[in-house]
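> First the structure, which I've put down as structure tokens, then a few questions once you've had a look.
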Amino acid sequence: MTLWPAELSSPAAAGSLLLCAAQLAAGYALGSSLGCGASSADRWVLVWLCYDALVHFTLEGPFVYLSLVGSVADSDGIIASLWKEYGKADARWLHSDPTIVSLEMLTAVLDGLLALLLIYAILKEKYYRHFIQITLCVCELYGGWMTFCPDWLIGSPNLNTSNWLYLWVYLVFFNGVWVLIPGLLLWQSWIELKKMHQKEMKPGKKFR
């Protein structure tokens, strides 16, 4: 198995990770600024949502475009280079796989817009905040499941787990974040909806 430091020394890998780090920093700065008057929990939710929207619009959106006019493998530019690097771990992203492109069309547009709407709902304390939050989280989790389940069912021929970087950073970490955070946000919505229900209960009525 190739060691991670050797792979990380590749200009393509280093550049891709730096770009992702820059997006995370931008999401943190924007979310922190927007959430300066919010609770600590909601401030971190806003940081995530800003980062989430940036990824959907600036990475997944261009991927969809490149895949519709050709393919990532045949494209040039910074974004194409990033997806080519990720394509070393999952080859479907290189060659306009119909399932992947269909999912990315949905997530780049719908999830990106839902993230923006949820930011607005949190900042303005809208009544529909948790409805949007649950919808967004379910969409994110569905996208993750449908990204990998079809390939798993046929023996994962497109996934390259031959080295640490591809397996644990590209496949597990970058995709796992979109499972862990939506899962935590679903739990937050569950707790908040439970509290709302308890406040509306009549005195003496048992809550379940």
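Placement of Cβ uses the backbone N, Cα and C atoms for every residue, glycine included.
Values in this document were obtained by computation on a predicted structure and should not be read as measured data.
According to TrEMBL:
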DOMAIN    41-186  domain 'EXPERA'
TRANSMEM  100-123  transmembrane segment
TRANSMEM  130-148  transmembrane segment
TRANSMEM  168-187  transmembrane segment
> Which bits of the chain, at least 6 residues beyond where the transmembrane segment (100-123) starts or stops, bring a Cβ under 8 A of a Cβ in it?
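Contacts of the transmembrane segment (100-123) (Cβ under 8 Å, skipping residues fewer than 6 from its ends): 34-35, 38, 42, 45-46, 49-50, 52-53, 56-57, 60-61, 63-64, 67-68, 92-93, 129, 132-133, 135-136, 139-140, 143, 146-147.
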> Where does the mean pLDDT land for the domain 'EXPERA' (41-186)?
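Per the prediction, mean pLDDT sits at 96 for the domain 'EXPERA' (41-186).
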> Tell me the residue counts in helix, strand and coil for the domain 'EXPERA' (41-186), as DSSP assigns them.
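Helix, strand, coil within the domain 'EXPERA' (41-186): 118 helix, 3 strand, 25 coil.
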